[in-house]
Every structure is written in structure tokens, then in C-alpha cells.
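Per Swiss-Prot, these features apply:
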BINDING   CYS60, CYS62, CYS75, CYS78  Zn(2+) 1 binding site
BINDING   ASP450, ASP452, ASP454  Mg(2+) binding site
BINDING   CYS819, CYS893, CYS900, CYS903  Zn(2+) 2 binding site
Amino acid sequence: MVDVNRFKSMQITLASPSKVRSWSYGEVKKPETINYRTLKPEREGLFDEVIFGPTKDWECACGKYKRIRYKGIVCDRCGVEVTRAKVRRERMGHIELKAPVSHIWYFKGIPSRMGLTLDMSPRALEEVIYFAAYVVIDPMDTPLEPKSLLTEREYREKVQEYGYGSFIAKMGAEAIQDLLKRVDLPAEIAELKEELKTATGQKRIKAVRRLDVLDAFNKSGNKPEWMVLNILPVIPPDLRPMVQLDGGRFAASDLNDLYRRVINRNNRLARLLELNAPGIIVQNEKRMLQEAVDALIDNGRRGRPITGPGSRPLKSLSHMLKGKQGRFRQNLLGKRVDFSGRSVIAVGPTLKMYQCGVPREMAIELFKPFVMREIVAKEYAGNVKAAKRMVERGDERIWDILEEVIKEHPVLLNRAPTLHRLGIQAFEPVLIDGKALRLHPLVCEAYNADFDGDQMAIHVPLSEEAQAEARLLMLAAEHILNPKDGKPVVTPSQDMVLGNYYLTMEDAGREGEGMIFKDIDEAVMAYQNGYAHLHSRVGIAVDSMPNKPWKDSQRHKIMVTTVGKILFNAIMPEDLPYLQEPNNANLTEGTPDKYFLEAGQDIQEVIDNLPINVPFKKKNLGNIIAETFKRFRTTETSAFLDRLKDLGYYHSTLAGLTVGIADIPVIDNKAEIIEAAHHRVEDINKAFRRGLMTEDDRYIAVTTTWREAKEALEKRLIETQDPKNPIVMMMDSGARGNISNFSQLAGMRGLMAAPNGRIMELPILSNFREGLSVLEMFFSTHGARKGMTDTALKTADSGYLTRRLVDVAQDVIIREDDCGTDRGLVIRAITDGKEVTETLEERLQGRYTRKSVKHPETGEVLIGADQLISEDMARKIVEAGVEEVTIRSVFTCATRHGVCRHCYGINLATGDAVEVGEAVGTIAAQSIGEPGTQLTMRTFHTGGVASNTDITQGLPRIQEIFEARNPKGEAVITEVKGKVVDIEEDASTRTKKVYVEGKTGNGEYVVPFTARMKVEIGDEVNRGAALTEGSIQPKRLLEVRDTLSVETYLLAEVQKVYRSQGVEIGDKHVEVMVRQMLRKVRVMDPGDTDLLPGTLMDISDFTDANKEIVISGGIPATSRPVLMGITKASLETNSFLSAASFQETTRVLTDAAIRGKKDHLLGLKENVIIGKIIPAGTGMARYRNIEPQAINEVEIIEETEQAEETVVTEAE
């Protein structure tokens, strides 16, 4: 077998007949498979041992030679070689076809490769191949046209007219093979190149297509006649197995049936030819052979598929590769793995951040080999077999050994669907009783897991390297930040938030207010003995916390705080300031001075003058975690998170906050508000009946009235709410629920959508506390059901989007430190009208500058060129009033097949500069795809009558952008730079005309009457600026402007959709994806290069070709950038393995074979497919060529049989 790690690239070509013969170990002549009596393979049949090898290891068919010592001998009785049975997965056979047969991929694909090569239409080809017409191969001296078709009747007439043998015309694949042999590639190519100089329109398109195929044949060394088969390879029998079921029946792969049909028809044809049967019978048999081979290669591609029992179409060779169940996606890209298990998950509140609970029974099974090794090492058992028995019997001593074995041996936990890289993390196992895996509550958010019956899978990394990588790179305690936005992903939720919220509440006049304590212990003791309440404001000596960063003026004083806050601050990292107020100033600058007593001041007086602070909410906790991470990095942060979790759980348990129906408040003036709304609606309807308003106006007025009534109730609720009400506390702290849930419980449910999407005029006046009437309940059900179905559809849609994104960007890896480009991207805040979608500060963080940034007023250099912009620096730049900065960007990076470190900036998941080898493409795809499920599915109508354009938003808009489709509600853009001089309205055609006057020319644009204008008379506009509201068509923008403008536009559009839904995604992720959509150019004029006009190629390949020509003094080629949707871009990738495993497998492979394509294995997918280590992370060449230093030899235990086999494999 080939050693996977040795080769650099992989090529696919057409197989010549001699190549097929060289693969084959013999001809399959009979359709028989297995003898049903002896269950032995039949001679010369599809499972013949002589051809394919023995069915049992080291044993010939007749049993004369058994045992390994006869290795390599061919038995003189039965002719079977004595070898491993595994060769039946490798050895191929062949069938000598008695008539040539066309290969359906090349004849039927779109475009038909045979048709283009011969310049014949697919219809004509089909008639010839399936014996419906003759084709003239050589007219000789007759006036017939070469390649013209003749029907049976016309053929006979022409033979009578010109005489037998005066011209050559044939039928079937044989005729096509003759024509293909006669194609003179160099001459045809030269002719087409001449034609291209003058051709236009359809003719030109066809010529470019033909030239493409002919040039591919010419360059690859494939011969066109190889598209017609004279010999058919038979794949190894173990790849199309036959298995005996209970009850003596057999289950066989469909391929065997398909091969049997081919062999039967081929043998019958041979017999007919021997007997000199009449031509029509032979023709019919040849046609049937052709159809049998078609079905074997791609069943159902032409005509009706051949069916098996129960009219089920048989699975042909093409179906074995295609789709989710095909070879690529089922077996090569995702395999099942051993040393894995799955179970339901339960919460493990006592676990540390890096631990997970593994049930004993599961652990002993997963770590069995490790335990067995230890048993033998400790001499509890003499050999491995005895150790295995010991484990299986459940000997008492195995549990202690298991404890030792799992120490320091991380395991991986994975929850499906794995939407981003945080869906698989490593933990240190802790043995537990029971049968459920225990999961740390803080990692639930990353996994999107809850404990309502979710299951998770567990995997054991086996090798030392795998364990090291799991520990260093995948340990859950290391994954504090979310790779999509660099914000903490492990923020506490629910009980933890509620506990800390309750703990940090302040209350006036509670027991113990004004007490002064000398240190923390004293305060805790007073609280535990009931002298002071958690929420009472008390004094504490600052000197009892000497390690906090106090100002000098604050030391040696008494500070006013609450007992709860003393406990809360006790778990904080020591270098963080003492937190009194939930705001950033306290967190970053220190504790405010107003909480400290001056000498001789009365503490009660100070307390009375201080405002009551609000407690710490979920958002504040998130900020504290982010600040802790920024200062102390992962180790300290994960320890702090565990303390925060424990404190939260403890105090939410003590507080005992519960919800009962009595906790839902009653709004005193609800009846009045609703009464007023009823009167208003009545007035509106009267006005409508009098004809004072249109139906649309009436509808809008009524729905607005009810909306306002609901808002009035909500406002009243908020005004009258009691901060000590448990529901309010849960909502306010961010533990669970929001104001809209609250207002449905206590206010009114409000307006509902009808099944057609229109809002119903009848609102639901009741709330959940009062209960709904039957009719109201019925109105509610539609919304609830639609929510469920929407979610289900959205999940599938979002998953497919992620798959396409991953596919297009999987080969984008950080390849070098600095690409040395002199280009950059000018960035400013992204705005949508007046609203700021993304601030400049957010966009600057973690990027490298391209030019130095100067203070706009003083001219002082704030930061030099090519420097990393930190969070503080970004704030400083924005505060200085700088509005735009030129940064290094993925868009302008010059690295081939990837990005360099400087153009990418920091790795958002670690907060440090990105490492070489980071698979940033995959991370970008996951970061954009993972929040996809949070986006809405709807197409919104913009406010009633005002406009008739539907603006697509949410997931459909994201798909529209990434697939580069023409948007709905397209904006009109200007092609000239200049000034808007006039806007005319034309009532007769219901349009407006916009006139733009520029230096280079004038433009006149017709826009629909109803479109909202974005410009006014006198406005200056740039090329590509939108004149009306709506989305710009990116392909149109690319024609008018340059690549960078399109990239910037797409980036801003994606951010608008995500930010409007409250999802933050780092710019760099979108940049990586958009760059992949603009990697290709189309050659317009080849100049002196040997490129073909109209070819699509990679920008870097194009510049390379031009460099060579310019050096030798020739004319360079010109090209035009092409914008591709992500699906198209994935299929156009340089790697045929990656493209074939994505979509349209047969089309990709057909094309690659004709071109003799080489896959240089640069991306991740192609390496996974062939089983090579991926060239990212530790798999990169620069990290792999390190010589390991052996410290001490590892002893290997071998049993005699194993030893025997080892010797053999070495001898091989």
C-alpha cells in the first residue's frame, strides 16, 4: 500500500485500456458469484479466488497450502496465491468488451465532453451511440458531410446511390471511437484560436468551451478515444461484498447485479458474433450492452433506472460516491471512531472548570487497554489475556488502577450539532456513580447544552501527542473567549447570576446597618449569627484587605459596603479593585472615594448620604470576567469562574427565590387603558365609514392603537414594579426572562399574527395570570406553532449555510508571518443611515496598522505603521477624533492559499497575535454559520404603505449576500462620479428620472415612482453610489468600481444583518469569506501568455503567468475580476477532491479526469480524505519536521502469535 505521508500531490486522469489491463489480475468471464452449495466462489466469476485472492488468510482455495509459511506460493491445483485475504480489497479484474461502449459521464454530462470534442450535439451523439442513426466517418469521394447523421433508410439509399464501400458510416460507440481517434488536437486548437479573434455572441461562447476541452486533452496527455471503453475494470470483491444472512439467504451489493448484466450481455454478444447473427440482432445486443454499462457507471442518468426487487433503483458506481451517504461524505470525511461512548448529560455543579464526570462502567470500557497494561505491570496477572478476563469479571482491584490511569488523561466531550469549535472540548475525567456524564455548568453555553435529556459523546485521545494537544489546546478551562467576537463565552447564567445578584443587593435600614468590622471574618461571623443582614450597609477596615489596589488616600480608612459585597469581593482576583458599583469606572479605575470615612465622621451620616446601588447583573459579571481575562489570562480566570459559580449557587439556594402566581403583580388601571383603546378604535372605524380614511390607513391606525395600549401597560408595570419581587429580580438580573415575558404575564398579550403573516386587528386583552379565553387561546396557537416549524426549518438552512461556508474557506490557513504587501484597507465606523452598526473602536481592536495614525489636531503620532492596535489604543485613537484608519486587512493580503499574521491580526479566541498554522478559514466559517440559527427567517415589509420594496433580512439576506445573488428590492446605482443636477417625476410612466453630471460624462437613471430616494439635488455622488434605498447588486458594483469597494460593501452588509439581531461577529471572519468569493479572474485578452481567453483562474496563478511574460519582454494578459457565490467558489477550487466531496461529484470528477488535474493537497478536506495529517496547526510542515528525542524506550508486550505476525510484516 501507498504510504500516505510520503506523497505531495494526487492526480486523476482517464484510464487507458492498457492501464486497466495493468491493474487487472485476470478476466471475469462468467456472471456467477458464489456456489450456493459449497459457498465457495465460482471459477472465472465475480468473486473468483484465482483473480482476486484467497477468502481466508494464508490458505489457497483447495486447502492444499495452509499456514503463513507458504506465503507467496501459487497453488498448483487451484491456482490461488497464498496470501492475506485483505488483497480482496485491492485486486481488480476486468471484462473484455466485445463491442466498444461509450462512458456515460463523458457523453451525458453538462456540457457533453464528447460533444464538444467532436463538435456534435448531444442529441446526435445519443442517436449514434444507441443505434438510432449512422454517422458518416469518412465521406471519401462522395459529397456527404463528415459527422452528418443518416437514418437507416437514408443509409441504404446512399449505399445504393454511391455503391458499397464508397464511404464509411457506422453506428454505436464504435463509430464515435473512430471519430475521436481522427481528432487532430493541435490543428483544431489553432483553428479555434483563429476563430476567437473575430467571433462574437453565442458563437464565441461555444468556441471558448470547445477550446477549453480540446486544450485540456492536449495538455493532459489523455487521448479523446479513451472516453469510449473497450475494456471494463471490475472493482475488488470486498468492496461489493456478498454476505450470508441467517436463514441461508444472501445480501449482496447492487454492483454485483449490475456487473452480472454486463457480463451476460457481453457473453451473449460474443456468441452472436461467432454465429454471424443478422446485423439487427447484433445491433440490439450491442445497444443492450451499452445500456448495461451505463447503468453500472451511473444508473438512472439516461432513461429509466434499472431496478432491483421492490422496484428500488440499483446503486451504481456513481451513487457510491455521491451525496451524504456516498463514499466521500460518509466514509472519508467522517468516520466512526473507536474508544468512544455516548450518554445523557447531567449537571455537575461541584466540578472544576477542567473536569467532567465519567460513569465508572463507561470509563473502564473506554480505558480498558490502559488498565490491562497496568494490571500486567503490577503483576496482578501474567499476561494480557488474563488481565482482560480480570477486567471483564469486574475484579475489585481494577477500580484503583482505573483511578490511576485516568489521572492526567484528558477526554474529549462533543455535543451534536457541533456548530463551532467549542462543540468539542477536553476535560479531565472524574469517576462518578450513575450512568450519566456530568458536565460543568459554565461550558453549557459553548455547547448550547441543557439538561432536559441532551446526550453527549465522549472520545479518548490515545497517543501521547494527542493527549498533549487535548490538554494544551482543547482543555475547557482554556476556552474562555468565543472565537467569533472575542467576548467571554463562559458567562454565568440562571442560578449563578441570581445568587450573585441577590448577594450584591443593598437595602436601607436592615439589621446591623452601621456596624464596623475589623476584617472579613468578623463581618461573616456577624452575618452568620444574625447580627447583620447580607444587604445591610456596614463599615470595614481597608487594612484588612492589604493586597487590593487602593489609592494611598484610601488606606487605613473605614469603607462603607455591604456584607454581601464583602463576600462577593473575597472571591475576586486580588489585583482587581474592590467592586462597589456595577460599572466600568469602578472596575478599571478603582473604588470611588465617596465610600470612605474621613477621621471622626459618623458612619450613619455617610450611609444616609450614599445612594442605594443596583446589584450586579449578568452583563456586569461578563465585564468582570473579560477584565480578569485581559489582566490575568486563562488559568486565573478559570479558577475565578469556579469561585463565582460556587458563590452564585450557594447564595441562590440560601435566598430561596421562587415564583408563585401571587408574585405576578396586578396593574391597577389596566381596565381604563383598555377602555380608552376601545373608544379610540371605535372613533377610527367611524371615520373610516364616513370615508375620511382608506382601508390601509384604518388598519394601521387600529393596530397602532393596540400597540400603544400594550406599551402603556408595560410602562405602568415597570413604574410600579417592586425590586424585591422574585420575578422582577430574575428578569432584572438577566437570570431568566425579559420584559416582554413579564408583560405577557402581568399586562396583556397584545396583537397576534394571522397565518398569512398579517397582524390581526383583534388583540389578546388577557394576560397569563388572568388566563385566556377560548378564542384568545386559539389566536395564540398559530404563533406558537409557527415558531416551532420556523426553528426546525431555520436549523437545517443554517446548517447548510455553514457547510457551504466551511467548504469555500477550508484551505485558508495562516501561512506566514508577513506577506509584505503595501496595500491596506481604509476603515471607518459602519453606519446605516443615522445609526452606527459597528463603531470604529470595535473595528480597530486587534488589527495591525498599515500607516501610522496621527492626532488630527496636534499631529502627534499615536501609533506607528505595522503595529498591533490594543483595546486601549483603539479607544485612544477614537477619543482623539480620528475618523478613518488604514489597517492591514485580509482583503489586501498577498499570501498565496492563505493569510499572513499581520493582515489577520489577533486570534479572537486567545486575545494574542494569531499563530502560523491557525485554520482561520474554518473558524471564520463557523463564526458566521453558528449564529445563523439566531437570525430570523422572515422577509420584512417596511412599514405599511410607505414603500413597496420588500427588504430581505435575517438568514435569507445572509444567503443572498454570500451566494452573490441579485438582491430583492435592488437599488439603482450611478456609474459616473459627479453631482445630482435634477430629479424629474414622470406621472404618465410612474417613474422618476435622476440626472447626474460628471467630469467624464453624464448619467441619466430611471427609478420607480415608489422608490425612496437616497440623494437630493445638489448632492455629490461617487461611482457606484446608491441613488435609491435598497440593496446594491454586488456584481453590478464590481463592473462600476473595483474589487475592494465590493469587498467593503459586502462586509458592511453582512455586519448590518447580524448586528440588527444583536449578534456580534469580528470583521476578520467576514473578510476571510468575502475574499474567497473574489479569488478568481476571467482572462479577457491572453496577450503573449498561453492562457485561453475566457478561462477562470486564481488571481495568484494569473499574476504568476504575467510575471513570467513581462520578464521575457512579452505582452501580459488582461483579466476582469469575477464575483462568485460561495457554492460556485467551492466547486471552482483548485482541489478536485475538495470540490467532489462538496457537491456535483460526478461533474467535478469528469472535468478533473479530462484535465489530468493534480491536487496539491493544500486544504484541510483533501488531506482528511486521503488520511494525511491536515496541514494546519501542529500538522504544518514547519512543526512536523522536528526530530523527537527518545528519553527511555517503551517496553512492548507481545504474545507469540503477535510476534509471528510482526516478523512477517517486517519481511513484507
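The count begins at 1 with the first shown residue.
Cβ coordinates are placed from backbone N, Cα and C, and glycine is handled just like the others.
Where Swiss-Prot records a feature, it is marked here on the structure.
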{"residue": "CYS60", "record": "Zn(2+) 1 binding site", "contacts (Cβ under 8 Å, 6+ apart)": "GLU49, PRO54, LYS66, CYS75, ARG77, CYS78, VAL80, GLU81, VAL82"}
{"residue": "CYS62", "record": "Zn(2+) 1 binding site", "contacts (Cβ under 8 Å, 6+ apart)": "CYS75, ARG77, CYS78, VAL80"}
{"residue": "ASP450", "record": "Mg(2+) binding site", "contacts (Cβ under 8 Å, 6+ apart)": "CYS444"}
{"residue": "ASP452", "record": "Mg(2+) binding site", "contacts (Cβ under 8 Å, 6+ apart)": "none"}
{"residue": "ASP454", "record": "Mg(2+) binding site", "contacts (Cβ under 8 Å, 6+ apart)": "VAL344, ILE345, ARG415"}
{"residue": "CYS819", "record": "Zn(2+) 2 binding site", "contacts (Cβ under 8 Å, 6+ apart)": "CYS893, ALA894, THR895, CYS900, HIS902, CYS903"}
For Zn(2+) 2, residues beyond CYS819, CYS893, CYS900, CYS903 with C-beta within 8 angstroms of the site's Cβ centre include exactly GLU816, ASP818, THR821, ARG888, VAL890, THR892, ALA894, THR895, VAL899, ARG901, HIS902, TYR904
Counting across all protein chains present, how many other Cβ atoms fall within 10 Å of the Cβ of CYS78 (Zn(2+) 1 binding site)?
17
Using the Cβ centroid of ASP450, ASP452, ASP454 as the reference point for the Mg(2+) site, which residues of the same chain not in that list have Cβ within 8 Å?
ILE345, ALA449, PHE451, GLY453
Among CYS75, CYS893, CYS900, all listed as binding-site residues, which has the most CB atoms within 10 Å of its CB?
CYS893
Under DSSP, is CYS75 (Zn(2+) 1 binding site) part of a helix or a strand, or is it coil?
coil
With an 8 Å cut-off on Cβ distance to the CYS60, CYS62, CYS75, CYS78 Cβ center, who else from the chain surrounds the Zn(2+) 1 site?
ALA61, GLY63, LYS64, TYR65, ASP76, ARG77, GLY79, VAL80
For CYS903 (Zn(2+) 2 binding site), what is the secondary structure by DSSP, using just helix, strand and coil?
helix
Mind giving me a neighbour count for CYS903 (Zn(2+) 2 binding site)? Other Cβ atoms within 10 Å of its Cβ, every protein chain shown.
29
